[in-house]
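**Q** Take this structure first; my questions come after.
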Amino acid sequence: MSTQTELQHLTPETKIPTPAKTPATSPPRDPYSAAESGSGNDNDNDNDTGNDPHRASHEFSSLPPVDGGRRAWLFLAACFAVEMLVWGFPFAFGVFQSHYSTNPPFAGQPNIAVIGTCSMVCMSLGSVGPLDEMRYTDNETTPLTQGIMYLSGPVVIGLLRMFPRESRHAPILGLIVMCVALAASSFSRTVTHLIVTQGVLYAVGGAIAYCPCILYIDQWFVRRKGFAYGVMWSGTGLAGVVLPLMMEHLLGRMGFRTTLRLWSGLLFALTAPLAFFIKPRLPASSTTHATPATHARPFSNLRFALSRPFALHQAANVVEALGFFLPGIYLPSYAQSALGASAYASALTILLVNVASVVGCVAMGSLVDRVSAPSCLMLASAGATLGTFLAWGFSSTLGVLYAFCVVYGLFAGAYTSAWPGIMKVVVEHERARERGVDPSMVFGMLAAGRGIGNVISGPLSEALIKGAPWKGEAGFGYGSGYGTLIVFTGVTALAGGASFVWKRLGWM
């Protein structure tokens, strides 16, 4: 493979310096030497090629392809599984909260909800996350927990960018920390012990294990980047269906101590083999040499946050987040109070949203590779808006409400899968002005913006339904006491597609 052909497989976000001409007997050392040698030895990922031009030339010619091939697909499959396993446990914490609150030795102790909050604070990497069932978490805790989770995303990503060599070993290191935390938490006798182990320590390990997936996915996928992100993030929706049900079953049969020890062992057995495939396509030395400003000093290169394209996308992102999480909080209680559904039938609303979001994430991720980000965001917003106003607003039976859950999961659940398109727009805008930008930091800032809207949505939603406004004054769902909440959810969903209008007006 020629050098010119191989350059086409490098990520577009990275500027490629033109190598100086040298004698034929001493070929230049390209800064983007291959991530793996032709023999398949992965140790080349962690070692600089030094001053050996023949070794550099050989590694460069054997650089694995992007957007396909065995190594790229194995990387993506591992990311999907890590997303599901690492994030699934924190999002199933509502089951543990219910168990801790009603069983010894923690029954009656305060601050149980802090355990889940601490976990989400430290694990903030911007995953969209599944919607959680209301009976597992209270209205005040859930938005704050998920909101802080998003807010710390730029910090976690930036720190690992500063240490690219060490990040190669992060998945296995984080896995060990998580498993130790779970095993240690099984010996807890006070809520404080649980906060330290199941909350903080597990979250730190989870962040370390998961972050490389975000950092390396841009190296393995270029033209199909949106599809790759969508597949990876769909793992969270699947976890939101399976793990809460599994944990509830185990806790009821075995108690929390045996459940935590069992999950610790299963987590290690299932995740440890995946760590081998979470690796960069390019060696750390080459990417660091090529873009020193965005890798060595990620926190000093945040000027893109003030650019018009990013600011307008971020504004729509924040407003959309104000209403996105509300169905996850209120759908079960709406089904019970307004439609007289049983506990199982009301819980099914959240499961349907999460199942549909798996399909929506993959579909939207694939679409954003072919269509502009504003168009994809408008599609997601339009579907969520129509579903909210027509299906939820006029729901009078469980069948109609279930239809809304599917529509909402397909469209609203796929909103963040359009983020790779926003990342591309921002990177191209900064490159046109000869400024470097790390796409992962763009991702982190979008996650932080989503967290802002999420935190505000908690107290705001309580104010919206206080006193059951419109109850008895309107028909269907609008007159159930949740009418203002339904309208607010629909309006914020529509505002999430504002970038489509702004682009048509020439503002971006």
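Any Cβ shown, glycine's included, is placed from N, Cα and C.
Pulled the feature table from TrEMBL, pasting it below:
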{"type": "REGION", "residues": "1-63", "note": "region 'Disordered'"}
{"type": "COMPBIAS", "residues": "11-24", "note": "compositional bias 'Low complexity'"}
{"type": "TRANSMEM", "residues": "72-96", "note": "transmembrane segment"}
{"type": "TRANSMEM", "residues": "108-127", "note": "transmembrane segment"}
{"type": "TRANSMEM", "residues": "170-188", "note": "transmembrane segment"}
{"type": "TRANSMEM", "residues": "194-215", "note": "transmembrane segment"}
{"type": "TRANSMEM", "residues": "227-247", "note": "transmembrane segment"}
{"type": "TRANSMEM", "residues": "259-278", "note": "transmembrane segment"}
{"type": "DOMAIN", "residues": "309-508", "note": "domain 'Major facilitator superfamily (MFS) profile'"}
{"type": "TRANSMEM", "residues": "310-331", "note": "transmembrane segment"}
{"type": "TRANSMEM", "residues": "343-364", "note": "transmembrane segment"}
{"type": "TRANSMEM", "residues": "376-394", "note": "transmembrane segment"}
{"type": "TRANSMEM", "residues": "400-422", "note": "transmembrane segment"}
{"type": "TRANSMEM", "residues": "442-461", "note": "transmembrane segment"}
{"type": "TRANSMEM", "residues": "481-502", "note": "transmembrane segment"}
**Q** Where else in the chain does the transmembrane segment (170-188) make close Cβ contacts, counting only residues six or more beyond its ends and a cut-off under 8 Å?
**A** 82, 86, 160, 194, 197-198, 201-202, 204-212, 256-258, 260-261, 263-265, 267-268, 271-272, 274-275, 278
**Q** Can you name the far-off residues of the same chain, 6+ from the ends of the transmembrane segment (227-247), with a Cβ under 8 Å from a Cβ of it?
**A** 76, 79-85, 87-89, 91-92, 94-96, 127-133, 136, 213, 217, 220-221, 259, 263, 350-351, 354-355, 357-359, 361-366, 368-369, 409, 413-414, 416-417, 419-420
**Q** Can you give me the average pLDDT across the domain 'Major facilitator superfamily (MFS) profile' (309-508), rounded to a whole number?
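**A** Mean pLDDT for the domain 'Major facilitator superfamily (MFS) profile' (309-508): 89.
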**Q** Can you tell me which parts of the same chain pack against the transmembrane segment (259-278), counting only residues 6+ beyond its ends and a CB-CB cutoff under 8 A?
**A** 42, 71, 74-75, 77-79, 81-82, 85-86, 89, 171-172, 175-176, 178-179, 182-183, 185-186, 198, 209, 212-213, 216, 247, 250-251
